[in-house]
Amino acid sequence: MCSWRYFSNSELVVDFVLAYDEQGKQEHVQRRKTFEASLQQTGLILEREVNQRIHFVKLHVPREVLCQYAEILKLRMPIKDNDEQLPKENIVTNTVQKCLEKCRVTLDRKKFPPQKYQLTAEFSKDKPYLFDVDSPDFFSDSVKITVASYILEREKFGPEDQDRGIKQLIADGTYKAAYPLHDGKIDDAGSKRHLLFHEWASISMCIKFQPIDDIKDYFGVKLALYFTWLGFYTHMLIPASIVGILCLLYGAFTLHSDTLSQDICSLDVTMCPLCDKYCDYWKLSGSCTYSKIQHLIDNPATIFFAVFMSIWAAIYLEFWKRYSAEIAHRWGLTGFDLQAEPPRPEFLLRLSNAKKKKLNVITQLQEPVVPFWRVKLPSIILSFTVAFFWALIALTIVIGIVIYRMSLLTSDALYKDRTSVRIYVVPVTAGLLNLVCIVILNMIYDRLAVWLTEMELQRTQTEFDDSLALKIYIFQFVNYYSSIFYIAFFKGKFVGYPSKYNKVFGYRQEECSPGGCLMELTIQLAIIMVGNQAMNSVMEMLIPFCFKMYNTFIVSKRIEEADTEEELIGCNQWTADYNLSDLQSRSLFAEYLEMVLQYGFVTLFVTAFPLAPLFALINNVLEMRLDAKKFMKYFRRPVPQRVKNIGVWYQVLTVIGRIAIVSNAMIIAFSSNFIPRLVYMLKVNSDHTDQGFLEFSLAYFNTSDFKPGTAPESPTYDTQVCRYAEFRNPPDDPHKYKRPLIYWHILAVRLAFIVVYQNLVSFIVTVVEWTIPDISRKLNDRIKREAYKVNEIIIKNESERTKKRSNTVRKRDSLLSEVGSVYHDAISEAGDVKNHRSTMYYDTGDS
């Protein structure tokens, strides 16, 4: 029978594992010997398993070491005799909880019993009255793994000060891997891994809440906080999705009263050709279906939805701050701050031959110095210059796709296609082509960004991650959003008119439909957002699975070659986990990046895609469970890391929310018909209705004014006048084809709308941020109450200890006083003997 997580012939649990290849270099053998000796000196218990080519060193952290390093790491541990309870919930909270239980979305209390809230304090060995150290469950697996990882990152393996840490040993090939163990197989019904896999990572549980406390206990705070944030974000998408659906339904119910789409479908209007020479005149009624679909998006409810989403974004971020503060306090992270970070192993490796070193005043270690002006600054300039160049490449790709769309309009006429190609086929094929280019550029740039950041010689992992995040997000922003910004703000805005078109590379610019460009913007958004999310979901599951299968094949092949078939590779947890992929810090970075990009689609362009929150909601419900399944099944158990919040991503979300206000204002002003229709109703039409708006929005062109070689070669319709979507004077006007005064009125109203909308919504958002405090009053009072209670317990116990010591000292002094008087009387004549005996007695009393 196999023992999955224990030492051989012992009840000691394996807390951490080191793996190495027996066929390594000789210098690696000496490093391992020195490093493992250092680990033993710290008090860790080691056991080696060398019956396979991949050798394992099993580590166990004894209780004395746990006590020592829990104090060093300032871990907050539960105090004993704790009767602190969470504040009672009010009637509204209780009612909501009962409704959720009836809807069966809450957790099964039998499988995930509510954890009792425990008062915590920073651990100290000098305060045994506070902590029940002798309890077998006092130090959790998470604490043991944290302590073991800290020791592994600090111990030396060579003579130099920087020759320390398991990460550097893995980077230079001394060890193959270092990882904590899962608590069992997925099929083992008694393990927490089995419970989380079937009750949390299962798609069938997608509507249920997440067991975030159990996730924290198993994976640590950093990973649990990601799932907590993702779950909170997903729940906040529910009201946004409902409002988006209602706006769409409003458009459907008011379709019969939309005069613009009715006029497009019913009036016999001949439109000017879409390209020179080869394109024919076309009937506006051919875009009837397009105009009806566009009304579902471009209707009066769009303005309300844009304002709602801006306020929603502010409320979401403020509520998340409050909720994360409560979670951080519940998980014992109040007052937590990161300690001085050690240098990255890659940083030390690249500077291993550096001659100049200096003392780090925090860690008291000699570290290599990177000359700022001569090395670091030029590296940073070169790095961001290359990143900027790649952003320009992404823009060039977008320009190429635009030219593709322009050229396709000509081929439309050559192949005698109808307007359906222009309206549907061109946007869809261009969107798919743009998605493919986005994926390819991402794959190339992702590796390039890592190489560029390595070149900058960033000292710590935090500095490295921040620099990398900045490069990748800037590029992703350009890569994903540039084509959407083009359609929203540039397409059809600088076309010109039939006798004087503004051309790009010899091609006429694309024109918007008489109904506007909003529908095409919706198509582009849907393809990129939904297509990218679907592709990411498939790749996130496929890549880890392939890595696991590859690792299993390689290890099994090595065992067969070594003729050790009697040793079963899957007979213990450390060999089973060795086949899994290592969960790098960038793995979680990719998850955050995916969600932040999605948040941009939901907020920046929600005016053009009211169903974006709904698609994001559906994706996230599945994303949570697929990510959970991936981490449980295909990755090794990560080392728990303590963090207070989601870090730099909160600032990114805040900036996106501010940009979204301006973005949606400009989409409404320039990409929809809201402003022209409003001006027409208020200034042009005496009845103040939109009847006749189509006629108002289409300009006249005399076909005799075509330049030579630009008129249709074989026109289907014999017409003297054609129409085009512009505000220009008619052919019979003295200033024909020039801008009329109404055009400038509309432009002024558009600009005024942007200013008013941006300031009004920004003011509302600021009020929301001001009225919702970052920490609730109840939580603030509870933090103060708990700090007071812990201090009272410490003062009370220290006072009692002081009294006991004082009584002991008084008794001893009293005894010494009595004995001293006896000796003084009896030996007063003996001189030196008096001092000798009194000294001897004092020492005995001390002992």
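Cβ atoms are placed via backbone N, Cα and C, with glycine included.
Keep in mind that TrEMBL annotations are predicted by a computer and have not been checked by a curator.
Under the heading domain 'Anoctamin dimerisation', TrEMBL lists 6-212. Look at TrEMBL and you will find 215-786 tagged as domain 'Anoctamin transmembrane'. The feature transmembrane segment is assigned by TrEMBL to 223-253, 301-320, 380-404, 424-445, 468-489, 596-622, 643-670, 742-768.
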When counting Cβ pairs under 8 Å to the transmembrane segment (596-622), the leader among 223-253, 643-670, 742-768: 223-253
Positions whose Cβ lies under 8 angstroms from the transmembrane segment (301-320), at least six residues beyond its ends: 229, 232-233, 236, 239-240, 243-244, 246-247, 250-251, 602-603, 606-607, 610, 613, 650, 653-654, 656-657, 660-661, 664-665, 667-668, 672, 674, 757, 761, 764-765, 768-769, 772, 774
Long-range neighbours of the transmembrane segment (742-768), counting only residues six or more past its ends (CB under 8 A): 307, 310-311, 313-315, 318, 657-658, 661-662, 664-666, 668-670, 675-676, 678-679, 683-684, 727-728
Confidence summary for the domain 'Anoctamin dimerisation' (6-212), mean pLDDT rounded: 82
